[in-house]
Amino acid sequence: MEVTCLLLLALIPFHCRGQGVYAPAQAQIVHAGQACVVKEDNISERVYTIREGDTLMLQCLVTGHPRPQVRWTKTAGSASDKFQETSVFNETLRIERIARTQGGRYYCKAENGVGVPAIKSIRVDVQYLDEPMLTVHQTVSDVRGNFYQEKTVFLRCTVNSNPPARFIWKRGSDTLSHSQDNGVDIYEPLYTQGETKVLKLKNLRPQDYASYTCQVSVRNVCGIPDKAITFRLTNTTAPPALKLSVNETLVVNPGENVTVQCLLTGGDPLPQLQWSHGPGPLPLGALAQGGTLSIPSVQARDSGYYNCTATNNVGNPAKKTVNLLVRSMKNATFQITPDVIKESENIQLGQDLKLSCHVDAVPQEKVTYQWFKNGKPARMSKRLLVTRNDPELPAVTSSLELIDLHFSDYGTYLCMASFPGAPVPDLSVEVNISSETVPPTISVPKGRAVVTVREGSPAELQCEVRGKPRPPVLWSRVDKEAALLPSGLPLEETPDGKLRLERVSRDMSGTYRCQTARYNGFNVRPREAQVQLNVQFPPEVEPSSQDVRQALGRPVLLRCSLLRGSPQRIASAVWRFKGQLLPPPPVVPAAAEAPDHAELRLDAVTRDSSGSYECSVSNDVGSAACLFQVSAKAYSPEFYFDTPNPTRSHKLSKNYSYVLQWTQREPDAVDPVLNYRLSIRQLNQHNAVVKAIPVRRVEKGQLLEYILTDLRVPHSYEVRLTPYTTFGAGDMASRIIHYTEPINSPNLSDNTCHFEDEKICGYTQDLTDNFDWTRQNALTQNPKRSPNTGPPTDISGTPEGYYMFIETSRPRELGDRARLVSPLYNASAKFYCVSFFYHMYGKHIGSLNLLVRSRNKGALDTHAWSLSGNKGNVWQQAHVPISPSGPFQIIFEGVRGPGYLGDIAIDDVTLKKGECPRKQTDPNKVVVMPGSGAPCQSSPQLWGPMAIFLLALQR
């Protein structure tokens, strides 16, 4: 008997279908969540409209085998500031509190390696309405030779919105319209930012002095309410006017306390005052209170422009600016310029010579310079001139010119810069002029032209400068256009000619230029030299990790290739197997000269040679490893997600079956698959049922199938599937299967609606009745529900099971009806049987009616069955024969009785062809848990001649 059952188990539930189920990806975008409007009038332009701040939820529904991978991308929309792109690798795209800048076109790209990827898009339009802004402008013009003045007022209302807003102007509570009278004009100006409407009041009249309201509306799109702003126009309405308590340019000494007052001289309504600083925010410690700005202990960094702005939405804002200058001096420099006319670069007797001195000061024009020679003030003469503001030099530079240089002019010259009468320290710089004063030369020390360091180490680039005086050295990059130094600057000054770099990286490799500065030395053509920096870094190899599959007995070649490194060569390669060192493989002569890869050949894959191989490659700077996992394991199965109607329910129990389908990934890469190990576990439970599924030779693209039976409604299950070959277990694949209620169809001989799914098998609420049927179970029912009426659980007796019922408590009244309408069925037989369970318990039970709605000539409802009154606190079954004459629907009608104790429930509705059974089915049926039944049970339709033959053979 056991042998027969095992043989039946192997033959009956397992099927193999044809090959070629691999299919390219197909995609469709559906929307969910808090969408407010969806415009699909134009098929080529799908628009999903959502309110700003709501949650955007888009789903990319995909088909294809293997299961496609989904990627979401976005390009900017009209409300976005610039191009944006974001990638989300998930079938569901969810954005909480979406902003207007997140509007745009969203693309769903699905690909599975078969054919070309599927790309679908939808445009997301974010709806919003900002607070409106209202400004007032006035003009006064003379009319008829100054006899009187005509005053015109423009009220400008501006708002940002999507979609475009509608404007409504009101005077008090009265709505104004265009050309309502000669004194009112409403128009939209050209070339304006945002949406604007202007209310023009011509030749202002007494009645025009009133409160004006600008109301903006997007016509309640997405539930966005209207917004409004009000302004009261009076005969004193005026734009703001300001004056400052200080001059527009304020020069102070460092350390002083600065106070600036911005005084209002006009404006109605009362203007608002605000201080700002440019560039950057107000200094730390600065206090802006009303129109008073206080800066304690001001420093040089606090210099800048301080703006006082007054606004009252009348006219243009009034603005006053104070240029605060904090006295300071820094960076004293000098220049030695030989005779320019003779284009000389050396100091020579008999030629002209110019010494220049400059400091960076605030204010620059207030700096005074004084020259000294050998400690004494320089005396002006025909050969010694002091000039200021040389056009060839920086602004406010003092120059000492020596005409026809004599030997007596040699000496030490000192330039002193100062602020007269200010507590700012003087700055000075010395210049020594002698026969030893020569222009600079620059060179790279021997052996320092090429600097080679390892990545992450410090580096020092050096250039030597000779000459007197020695100018600073300026460093820059040569080989990379517009490249910055590690300091973030394009040019860096070093006083000793050494550029020090910390923790160099590979992108710092290249040529660096060192050149003499034209200040603090000779003002001549810069001298240059170059230093090459080579940054060595460890090798990068591929593959970093690779899964190598091969059948037992077949050879395998493992290759580790060098991608990049410095130096770009393999100095050594070491192979390890499971951490143990392997002898070096033989070297190919052609690859020994410049090796860029390392190879290891396995003559045959065996159980002993299967495992982890590591190739460690070194270039004398560092090392990198290629990892290979060699085995004869079978690849994981590929679940087929496009099975039509995989769920099948059973009318006599709260169980369902599921059609599980899959293909085997690369079955020819390893040994043939002998069988599959199937493990199925109900979610939130630990015990699993394990079954073995034997198979014949599996080919690529061949669709395999197994029917999972005795699954409990409405639970979900985790399914794990593992292929087995002669090598052993392969890679496991897992998925979650969910119960989905199948839609009733009379074409299926055994199809029961348990109402476990929210779709309730396609049933709908009638729109013409008084109230609705409710779907619930023992876990979701209202704890305050009336006692002594309604079922405690569904027909299965489990708290998770759902049923449909009518709640007859208030505000329901006697005779109120609730109708539940089935999908439309095409009549293909003369007789049908409607079977269902009902629960009618309570002293106020009304009636439960079954109607048939015929659709062959309009909609005609016919009573097929009716039951009234209290039938006890039990589930009972009814079989109702019907004979529709054409397409039809069935309707369950619940009628409310005289009181609130009249809840009626139905469950497990079945529609099948043929006549109804003569005997009623016992409602107390037994529910079989998954795996608890006899191992040789199977679906009834699979019992055929083979089963009869096996039973006969057993006897």
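Just so you know, glycine gets a Cβ as well, placed from its N, Cα and C.
As recorded in Swiss-Prot:
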type: DISULFID; residues: Cys60-Cys108; note: disulfide bond
type: DISULFID; residues: Cys157-Cys214; note: disulfide bond
type: DISULFID; residues: Cys262-Cys308; note: disulfide bond
type: DISULFID; residues: Cys357-Cys415; note: disulfide bond
type: DISULFID; residues: Cys463-Cys514; note: disulfide bond
type: DISULFID; residues: Cys560-Cys615; note: disulfide bond
type: DOMAIN; residues: 440-532; note: domain 'Ig-like 5'
type: DOMAIN; residues: 539-631; note: domain 'Ig-like 6'
type: DOMAIN; residues: 643-743; note: domain 'Fibronectin type-III'
type: DOMAIN; residues: 751-918; note: domain 'MAM'
type: CARBOHYD; residues: Asn42; note: N-linked glycosylation site
type: CARBOHYD; residues: Asn90; note: N-linked glycosylation site
type: CARBOHYD; residues: Asn235; note: N-linked glycosylation site
type: CARBOHYD; residues: Asn247; note: N-linked glycosylation site
type: CARBOHYD; residues: Asn257; note: N-linked glycosylation site
type: CARBOHYD; residues: Asn307; note: N-linked glycosylation site
type: CARBOHYD; residues: Asn331; note: N-linked glycosylation site
type: CARBOHYD; residues: Asn432; note: N-linked glycosylation site
type: CARBOHYD; residues: Asn655; note: N-linked glycosylation site
type: CARBOHYD; residues: Asn747; note: N-linked glycosylation site
type: CARBOHYD; residues: Asn826; note: N-linked glycosylation site
type: REGION; residues: 779-798; note: region 'Disordered'
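Mapped onto this structure are the features recorded in Swiss-Prot.
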residue	record	DSSP (3 states)
Asn90	N-linked glycosylation site	coil
Asn235	N-linked glycosylation site	coil
Asn247	N-linked glycosylation site	coil
Asn257	N-linked glycosylation site	coil
Cys262	disulfide bond	strand
Asn307	N-linked glycosylation site	strand
Asn331	N-linked glycosylation site	strand
Cys463	disulfide bond	coil
Cys615	disulfide bond	strand
Asn826	N-linked glycosylation site	coil
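Under the DSSP three-state reduction, Cys157 (disulfide bond) is assigned to strand. Taking every recorded stretch in 440-532, 539-631, 751-918 and counting its Cβ pairs under 8 Å to the domain 'Fibronectin type-III' (643-743), the highest total belongs to 751-918. Taking the glycosylation sites Asn235, Asn307, Asn432, Asn655 in turn and counting surrounding C-beta atoms within 10 angstroms, the largest count is reached at Asn655. Within the same chain, the residues at least 6 positions away from Cys308 (disulfide bond) whose Cβ sits under 8 Å from its Cβ are Leu242, Leu244, Val260, Cys262, Leu273, Gln274, Trp275, Gly291, Leu293, Lys319, Lys320, Thr321, Val322, listed in sequence order. Here the CA atom of Asn257 (N-linked glycosylation site) lies 42 Å from the CA atom of Asn235 (N-linked glycosylation site). Looking just at the domain 'Ig-like 5' (440-532), the mean pLDDT is 93. Cα separation, Cys514 (disulfide bond) to Cys615 (disulfide bond), rounded: 43 Å. Note: the Cα of Cys214 (disulfide bond) and the Cα of Cys560 (disulfide bond) are spaced 73 Å from each other.
The Cβ of Cys615 (disulfide bond) has 23 neighbouring Cβ atoms from other residues within 10 Å, across all protein chains displayed. The Cα atom of Asn331 (N-linked glycosylation site) lies nearest to that of Cys415, taking the recorded positions Asn90, Asn247, Cys415, Asn432, Asn826 as the candidates. Note on proximity: of the recorded positions Cys157, Asn257, Asn307, Cys560, Asn826, the one nearest Cys357 (disulfide bond) is Asn257, by Cα distance.
Cα to Cα, Asn655 (N-linked glycosylation site) and Asn826 (N-linked glycosylation site) are separated by 27 Å. Cα of Cys615 (disulfide bond) to Cα of Asn826 (N-linked glycosylation site): a distance of 68 Å.
Asn432 (N-linked glycosylation site) and Cys60 (disulfide bond) have their C-alpha atoms 79 Å apart, to the nearest angstrom.
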